[in-house]
Amino acid sequence: MYRTRRLVIFITCSLIYFFAVFHRVSISVLIDHLSAQYGVDKADMSSFSAVYFWFYALLQPVGGSLADVIDPSWLLTASGVITALGSLMMGITHSFGVALVGRALIGIGLAPVYIPSARLLISWYSASDYAFMSALLLFCGGMGAVGAAYPLRVAADALGVPATMGICSAITLALGAVALFFVRADPSACGGADGTQEKPIPSEAIEDGSESCSLDDGLTAHAPEQRQSVIPRVFRTSPTGHTMSPAAAAHTVVSNARLVLTTPCFYLISIWGFFTCGGYFTVTGLWAMEFVKIGADISSDSASMVSMVLGFVFAFGSPAIATVSNKLHTRKWIMVTGSAIALVVDGVFTASAIALVVDGVFTARPDGWSLASVTVALGVWAMATNTMVTIAYTSVKERFPIELSGAAMSWVNLVIFLGSAILQQITKGTVLPCDGDDYCPDSFSWGLWGMIGAGQLIALGCILCWPETFGQTASLSSDKKAEGEGEVVEGETVV
């Protein structure tokens, strides 16, 4: 049935996206294991962590644009296979060079995951359901951050890095296979249309076998003489209902990119994401455990619990903030509020990092902050930064026509994850050891939080200029979009 199929699609996309977030932040937890296994200093792990973000970012326009022309099942299957190979290489090798290749493959493999998944939600769920389902997808990603914290640390200690990464490899490979056989772009082949209604499967789909709905409903929805293909076609159908040729698909990708990149407000949300989300992944993906562990003088296991709290904030905060946005009928001012709160927390950490941390900010001293207080402060900061991406993606979807949704979100994602890669590389030169190879609390004052705060100030200025998009839809100004002659028109309010 239609609802069964879209549930299977959502679960499959969510589990693959779980690993996308899992691998983003796993290096922070495994930094001790991996630096010892590869025989490198911890400072070199900033480059290792950033490799994922470089490839993930640079392939966003490719993955997102292809989501508009290629059936997502093929993209998600390729993701599972490539990620599985990269995870295995990273886990079993003792060569830092080979590990870098494996880490790069993980970034390449997981690049075409979120945007095709979001594109599937647009096709399979109504506009009123999209914000919540998008937030639920991010919740599953947030659970990936939870899994990459204390549970990953326990698994690595008990089984070792090779076995742990081998298990991850096997799971992602299996998910890729599930995507190939059960994920489809077109809901009309399974009794629905764009998540708004149920209707019979079109006879032409049955006759040419162009779509498969091979769960319980799919096996009975074909003519006896013409059984549907289990494997989907590579290219999606065009607006005229015909399967796109490779040339038409390439032309559509280029046309969509031109339309997105010539829309001025695209740069506002992109710069906001560069500093807001890029800063978040710089801290949580690389420095969070060291920051807490050194200041609190606690074990890596205990510090990983703090990282797990940040994962829970992302997981539960994403759907919560989407609900608040819908209730308040605003996207822009939710993001403005988040940026302002994040800027305050950045300033507090920067100003207090030297004096308070040295004097015992992470202890129970009356004149300092407790570990719980710092954990709460980090949680508030995470809520004000990374959960806001839920609202940002929804706002981008409302600002751009559905024909450009994959391309628009992918180009925004490119800038966001370039921010992660670039800022992580910068911290290699700003977060400096105090004594030999050892970091101290002072290492994280201006070198980390000061830099993040300066970027957040720029982000706040950009998001103040972003238009309000709640309840609006955008369209192309002409019917010549296929020739690349259209332009994006401001949306109309949807009642």
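Using N, Cα and C of the backbone, Cβ positions are placed for all residues, glycine too.
Computed from a predicted structure; not experimentally measured.
Look at TrEMBL and you will find 7-31 (among others) tagged as transmembrane segment.
Taken from TrEMBL, the feature domain 'Major facilitator superfamily (MFS) profile' applies to 9-471.
Within its own chain, the transmembrane segment (51-67) has Cβ neighbours under 8 Å at 23-24, 75, 100, 103-104, 106-108, 110-113, 115-116, 119, 253, 256-257, 281, 285, 406-411, 413-418, 420-421, 424, counting only residues six or more beyond its boundaries. Look at TrEMBL and you will find 51-67 (among others) tagged as transmembrane segment.
The transmembrane segment annotation in TrEMBL covers 74-92 (among others). Residues 12-13, 16, 19, 23, 63, 66-67, 98-99, 101-113, 116-117, 161-166, 168-170, 172-177, 179-180, 183, 232, 234 of the same chain sit 6 or more residues outside the transmembrane segment (74-92) yet have a Cβ under 8 Å from a Cβ within it.
The feature transmembrane segment is assigned by TrEMBL to 98-118 (among others).
Residues annotated as transmembrane segment in TrEMBL: 130-152 (among others).
Non-local neighbours of the transmembrane segment (158-183) in the same chain are 5, 8-9, 12-13, 15-16, 19, 22, 30, 33-34, 37, 71-74, 76-81, 83-85, 87-88, 90-92, 109, 120, 152, 214-215, 230-232; each lies 6+ residues outside the stretch with a CB under 8 Å from one of its CB atoms. The transmembrane segment annotation in TrEMBL covers 158-183 (among others).
According to TrEMBL, the transmembrane segment annotation covers 265-283 (among others).
Positions annotated as transmembrane segment by TrEMBL: 303-321 (among others).
Look at TrEMBL and you will find 333-357 (among others) tagged as transmembrane segment.
Under the heading transmembrane segment, TrEMBL lists 369-394 (among others). Remote same-chain partners of the transmembrane segment (369-394), defined as residues 6 or more beyond its termini with a Cβ less than 8 Å from a stretch Cβ, comprise 118, 130-131, 134-135, 138, 269, 272-273, 276-277, 279-281, 284, 288, 292, 295-296, 298, 306, 309-310, 313-314, 317-322, 325, 331, 334-335, 337-339, 341-342, 345-346, 348-349, 352, 356, 361-363, 409, 412, 416.
Nonlocal intrachain contacts for the transmembrane segment (406-426), taken as residues 6+ away from its ends with a CB within less than 8 angstroms of a stretch CB, comprise 24, 46-47, 49-50, 53-54, 56-58, 60-68, 114-116, 118-119, 253, 256-257, 259-261, 266, 269-271, 273-275, 277-279, 281-282, 285-286, 389, 392-393, 396-397, 399-400, 451-452, 455. If you look up TrEMBL, you'll see 406-426 (among others) marked as transmembrane segment.
Tertiary proximity for the transmembrane segment (446-466) is limited to same-chain residues at least six positions away from its ends with a CB under 8 Å from its CB atoms, namely 265, 268-269, 271-276, 278-279, 282-283, 287, 291, 332, 335-336, 339-340, 342-343, 346-347, 349-350, 353, 395, 419, 423, 426-427, 430-432. If you look up TrEMBL, you'll see 446-466 (among others) marked as transmembrane segment.
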